[in-house]
Amino acid sequence: MAADMLANTRVGFIGAGQMAEAIARGLDKAGVVPANKMCASDVNVGRMKVFESLGTSVCSSNTKLAETSNVLILAVKPQVAEKVVTDMKPSLSKDHLLVSIAAGIPISKLQDWAGEARIVRVMPNVACMVGETAAGMSLGKTATPADSDLVTTMFESVGKIHVVDEKLLNAVTGVSGSGPAYIFMAIEALADGGVAAGLTRDVAMSLAAQTVLGSAKMVLETKKHPGELKDMVTSPAGTTIAGIRELEDRGFRSALINAVVAGAKRGEEMSKY
């Protein structure tokens, strides 16, 4: 169903920032939506030139974008989203699907601003830029199962996406929205440890980053519990258990759990503004 819908889909990007670019590149590369069936609008001329270089057309206004596209991806800063969408409202109809990736804006507000347009809210993360996003999405009241299939197909071109209740999108933010920052910190710390142990910076950084990549791939592909995979590496009285003991002494797991919960709570606070 989604494939049939996508054949007749024209995607418009309201905002042409890096996240929008990553999605556009992913859609085109995967053959889901070719670049010549996409359009973008942005006040930044430089960003528009980037989209033109992809083979994507550009629109002089968001109103024109709505006239030429039936799937609109709202990729602007949250603080300008209300003005942008309300200005477009006269051009939006029930035939438009508005997919918002603007953080912290609930579906109820988006629906008020957009009128009859169907709404899907998506929380992607920065790894969208390398085709490995971990995203969550929630459907508005008038969004259909076909809309869900279509958005899933689109975002699977740049990673993985899960349908969740909107009340859980803040939890998604806590895990995968903010999570990359924690992993970047972990990679940096692992590399620093390697340097402290005598490795050159470039070798230590490469080893650390590849270790995280390989470990994540093992979790996804083997489907084994991370604890089971951890035990595969942990020999009696060996180097790994010595390191794990240090991490446990310093509350490593508790710190990550608390970080996720703190991020989710902050997301909830922001959505009330």
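The backbone N, Cα and C atoms fix where each Cβ goes, and this holds for glycine too.
Taken from TrEMBL as is:
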{"type": "DOMAIN", "residues": "10-104", "note": "domain 'Pyrroline-5-carboxylate reductase catalytic N-terminal'"}
{"type": "BINDING", "residues": "I14, G15, A16, G17, Q18, M19, A75, V76, K77, P78", "note": "NADP(+) binding site"}
{"type": "BINDING", "residues": "N62", "note": "NADPH binding site"}
{"type": "DOMAIN", "residues": "166-270", "note": "domain 'Pyrroline-5-carboxylate reductase dimerisation'"}
Filtered by Cβ under 8 Å and at least 6 apart in sequence, the residues in the chain of K77 (NADP(+) binding site) near it are G15, A102
Would you mind reading off the Cα separation of I14 (NADP(+) binding site) from N62 (NADPH binding site), to the nearest angstrom?
7
What's the most sparsely packed of the binding-site residues Q18, N62, counting other C-beta atoms within 10 A?
Q18
Over the span of the domain 'Pyrroline-5-carboxylate reductase dimerisation' (166-270), count residues by DSSP class, listing helix, strand and coil in order.
90 helix, 0 strand, 15 coil
Cα-Cα, the residue listed as 'NADPH binding site' versus A16 (NADP(+) binding site), nearest Å, comes out at 12
Of the residues named as NADP(+) binders, I14, G15, A16, G17, Q18, M19, A75, V76, K77, P78, how far apart in Å are the Cα atoms of the most distant pair?
15
Only counting partners 6 or more residues apart, tell me which same-chain residues put their Cβ under 8 Å from the Cβ of A16 (NADP(+) binding site).
A40, S41, D42, N44, R47, M48, V50, F51, V58, A75
Averaged over the domain 'Pyrroline-5-carboxylate reductase dimerisation' (166-270), what pLDDT does the prediction give?
96
Measure the Cβ-based neighbour count of I14 (NADP(+) binding site), defined as the other Cβ atoms within 10 Å of its Cβ.
26
